[in-house]
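J.: A single structure is presented below for examination.
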Amino acid sequence: TEGPDFYIPMVNTSGLVRSPYEYPQYYLVNPAAFAFLGAYMFFLIIIGFPVNFLTLYVTLEHKKLRTPLNYILLNLAVSDLFMVIGGFTTTMYSSMHGYFVLGRLGCNIEGFFATLGGMISLWSLAVLAIERWVVVCKPISNFRFGENHAIMGVSMTWLLALSCTVPPLVGWSRYIPEGMQCACGIDYYTRAEGYNNESFVIYMFTCHFSVPLFIIFFCYGRLLCAVKEAAAAQQESETTQRAEREVTRMVVIMVIGFLVCWLPYASVAWFIFTHQGSEFGPLFMAIPSFFAKSSSIYNPVIYICMNKQFRQCMITTLFCGKNPFEGEEEGSSTKTEASSASSVSPA
């Protein structure tokens, strides 16, 4: 059922349209589902905020972490905080009431910040892949990655993210409640007159999903080839072989993490866009959005907590300057400095 500034994902046989800005949406799903959504958002907040905030704090406290290659990881933490503060809090609050209580303006604000955080995160992963490919594979001879390049990479993620999130605020597409009507996102659902949703969705999927997906697969594919070549040239070196296995494992985890985060949401959104008028329930879009929102937790785990240097500094900060696991860390760490492959491993 389509309203002037919303879309209810169900067939309305009664002819009554209940605005998600004014009325509880308990007729869509069992009220227990709204309670679960609120509890899930609360879980993401109490885990996602401390982990990402701690990442920023630890970096400010430890000078050795403030290196150009780590700038993009900090940007990733900032983007996750945008999602937590700008998106999860409002979704939790709305789910407690059963509808989007913040009104049309609140929907624009929540949709903008939640989408901005997601886009910055997505492009940060693409820039991270480019940086590692450039540093390890050296496609440009005599190129030395420095602070200016890192700042440029971070700036690009913000510019690209804004190029996706600002247009719906100024009339090219729009933000509307989606799923269980407690969170707002891009309008994939309608072809509302005057918003040019079709062209925007095609632009978004082409430039802001397909392009970063290609970048990640290309860069990490080339990186794996470089690591395997380095390992093949030093077959007698157990250290190099171990480094290859570590890098391969991390690349696989990174790609899987990206796909788990974005592929379900993007696939369902594209299906809804290309099958407008088809019947689907509110959970059809709500469940994939859970995967995308969960990135605020597993992004820090994959890209930061599994980074030896970040992990050791984080433990030192938490234990007031001491690392009780220092012996274990040193014993389990591999001396991969001798291999060029080691510079890519975030672990």
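Glycine residues also receive a Cβ, built from the backbone N, Cα and C atoms like all the rest.
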J.: Where Swiss-Prot splits the chain into topological domains, do Val135 and Lys228 land on the same side of the membrane?
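T.: In Swiss-Prot, Val135 shares its side of the membrane with Lys228.
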J.: Need the cross-check against Swiss-Prot: the disulphide partner of Cys184, picked from Cys107, Cys261, Cys305, Cys313.
T.: Cys107
J.: For the topological domain 'Extracellular' (94-107), report the average pLDDT of the model, please.
T.: 93
J.: Give me the CA-CA distance between Cys184 (disulfide bond) and Asn197 (N-linked glycosylation site), in Å, as a whole number.
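T.: Answer for this pair: 15 Å between alpha carbons.
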J.: Give the helix, strand or coil assignment DSSP yields for Asn197 (N-linked glycosylation site).
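T.: Helix, per DSSP.
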J.: Comparing the recorded positions Cys107, Cys184, Cys320, which residue's C-beta has the most other C-beta atoms within 10 angstroms in this structure?
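T.: When each Cβ's neighbours within 10 Å are tallied, Cys184 tops the list.
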J.: Same chain only, please: residues at least 6 beyond the ends of the transmembrane segment (71-93) with a C-beta under 8 Å from a C-beta of the stretch. Say none if there are none.
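T.: Contacts with the transmembrane segment (71-93): 37-38, 41-42, 44-45, 48-49, 52-53, 55-56, 59, 101-102, 106, 109-110, 112-114, 116-118, 120-121, 124-125, 127-128, 131, 147, 150-151, 153-154, 157, 161, 182-183, 293, 295-296, 299-300, 303-304, 307, 310.
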